[in-house]
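Report on the following structure.
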Amino acid sequence: MRTPQLSGAISSAAAEKKQGFPERETWTRQMDFIMSCVGFAVGLGNVWRFPYLCYKNGGGVFLIPYVLFIFLGGIPIFFLEIALGQFMKAGSINVWNIAPLFKGLGYASMVIVFFCNTYYIMVLAWGFYYLIKSFNSTLPWSTCDNPWNTENCIEIFRHDDCQNGTIGNSTFGNLTCEELIVYVTATFPYVVLIILLVRGVTLPGAYDGIMYYVKPDWSKLGEAQVWIDAGTQIFFSYAIGLGALTALGSYNRFNNDCYKDAFVLALINSGTSFFAGFVVFSILGFMASEQGVDISKVAESGPGLAFIAYPKAVSLMPVAPVWAALFFVMLLLLGLDSQFVGVEGFVTGILDLFPGKYYMRYQREIAVAICCLLCFIIDLSMVTQGGMYVFQLFDYYSASGMTLLWQAFWECVVVAWVYGADRFMDDIARMIGYRPFPWMKWCWSIITPCVCMGIFLFHLLNYKPLTYNNVYVYPWWGEVIGWCLALSSMLCIPVSLLYKLAGAKGTFRERWENLTKPVWGAHHLEYMAPDTEIKSLINEKTMIIENTI
């Protein structure tokens, strides 16, 4: 096991202590970290995107490329981001002190997660609105006498089955407010999913819907799009490239076994996606049976599934308001914890930029308030008459598959080839007490970057202009705005790299060596070198700094 190079790092660590950086907080219990990761990574995409992709790409056969990409890209990068945060004890920007030349990766992830926070909250606003409207004896979207209905509206709601319903209250034990939020928002959606599944499988047509979901169409394996959809879904559902996983990992104890955590969280994430498919398609099978149409006519993706198809389906059930309220409570809780962690990841990255001497009371609360205010101002454009068009722009470009794939590609390249895959494996062994399986190193070095770049290029070569409802095609200036959103994060990496190289002195090789030399924190001195060597180096470097000052 090699000892990392500490040259040039001791001074920064000593200076860090001298500036008075507050000691980084850690999780009260490890289950808090697991629940936070589950709450963030398991979100709306697991419920409304994965089942649709299964239906679209050959049913059960879609699981073959999906599981393959879990091990080729999902788990390796998921583990990399958590381990990197735990090792560097920093948010999404300062974590790249491991190779300062590539700090643009941190800025890119901050831009992506900010855009994601901005438009993601709109989904929760819609869900909250639907939830409020669910507490009516007759669901508003089940009739044709509303101001928004057109002459094409067809009423198929069975009024005889409608009854008032209430939802019981739950009492929780002695938990802090933050712990209560994490545990409730992470676990309650599973309770609702189980309830909806039990109800769904008892409905007429449910069997046909489930068979439509899992029945394999082997011919689909020969289509490139099936493999591309599987790879892209992994990056979406695992929340890779947003910097939030890094922020969560940074609050772990230095010796936490993040390797084991990565596999547990991956199993929970993908298992939730697969389980949600049975819930969704049992309901859609019932809906198709009631309307007398093929299930392909009612299977939609994204907001169309959550706010059009599913509300229609629950309106056909007996005691419809109860099922509608349950569904939208689940939708809200799935989204809320993702939103919480997304904002936390953004704020952690921002606050890590400020030296300890600028520490002030309530700075985290102030930063959160400013972040939420900025998101609120931007979101006002999404509640206008044409708000859905603005939402689609953000959804399609700002945190799209292309931006996440670009981010993941560079993360692997920097860790594996700039810092060194073997070197990082040694660092992980220092943290968890054993060396991970070499498969991780091979993925970071070759397999995962090739997978990311391959899917990225396929997306680029097969790019299609954005449309809404397969009818409205966005004008050229709309696409320009969309590409500006995408490039605002993607260009952070090359622009930052060129700026740092241009501003440095010496030959290209000297600039490269100086700018890729890790900047260690104070905790690295404690864990990564013999005590005597550390103390002597700190004393020497501190004396030099003080004499220079």
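Even glycines carry a Cβ here, placed using N, Cα and C.
According to TrEMBL, the protein carries these features:
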- GLY39, ALA41, VAL42, ASN46, SER237, ASN269, LEU334, ASP337, SER338: Na(+) binding site (BINDING)
- 63-84: transmembrane segment (TRANSMEM)
- 105-132: transmembrane segment (TRANSMEM)
- CYS144-CYS153: disulfide bond (DISULFID)
- 190-214: transmembrane segment (TRANSMEM)
- 226-251: transmembrane segment (TRANSMEM)
- 263-288: transmembrane segment (TRANSMEM)
- 309-334: transmembrane segment (TRANSMEM)
- 366-384: transmembrane segment (TRANSMEM)
- 404-421: transmembrane segment (TRANSMEM)
- 442-460: transmembrane segment (TRANSMEM)
- 480-502: transmembrane segment (TRANSMEM)
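Taking Cβ pairs closer than 8 Å, the transmembrane segment (442-460) reaches residues 69, 72-73, 76-77, 80, 224, 228, 231-232, 401-402, 405-406, 408-409, 412-413, 415-417, 421, 424 in its own chain, all 6 or more past its ends. In this chain, the transmembrane segment (105-132) lies in contact with the transmembrane segment (366-384); the count of Cβ pairs under 8 Å, excluding pairs fewer than 6 apart in sequence, is at least 3. The Na(+) site is set by GLY39, ALA41, VAL42, ASN46, SER237, ASN269, LEU334, ASP337, SER338; from the centre of their CB atoms, other residues of the chain with a CB within 8 Å are VAL38, PHE40, GLY43, LEU44, GLY45, ALA239, THR272. For the transmembrane segment (480-502), same-chain residues at least 6 beyond its ends with a Cβ under 8 Å from one of its own Cβ atoms are 100-105, 107-109, 111-112, 115, 393-394, 396-398, 400, 402-403, 406-407, 410, 466, 474, 508, 511-512, 515. For the recorded positions CYS144, LEU334, counting C-beta atoms within 10 A of each C-beta gives the highest total at LEU334. With a cut-off of 8 Å on Cβ pairs spaced 6 or more residues apart, the transmembrane segment (226-251) and the transmembrane segment (263-288) reach 3 or more such pairs and are scored as touching. With a cut-off of 8 Å between Cβ atoms, the residues of this chain six or more beyond the transmembrane segment (263-288) that come close are 34, 37-38, 41-42, 46-48, 50-51, 54-55, 63, 66-67, 70, 74-75, 78, 190, 193, 196-197, 200-201, 203-210, 212-214, 237-238, 294-295, 297-299, 305, 309-310, 312-314, 316-317. Taking Cβ pairs closer than 8 Å, the transmembrane segment (190-214) reaches residues 51, 54-55, 59-60, 272, 275-290, 295, 299, 317, 323, 326-327, 329-330, 333 in its own chain, all 6 or more past its ends.
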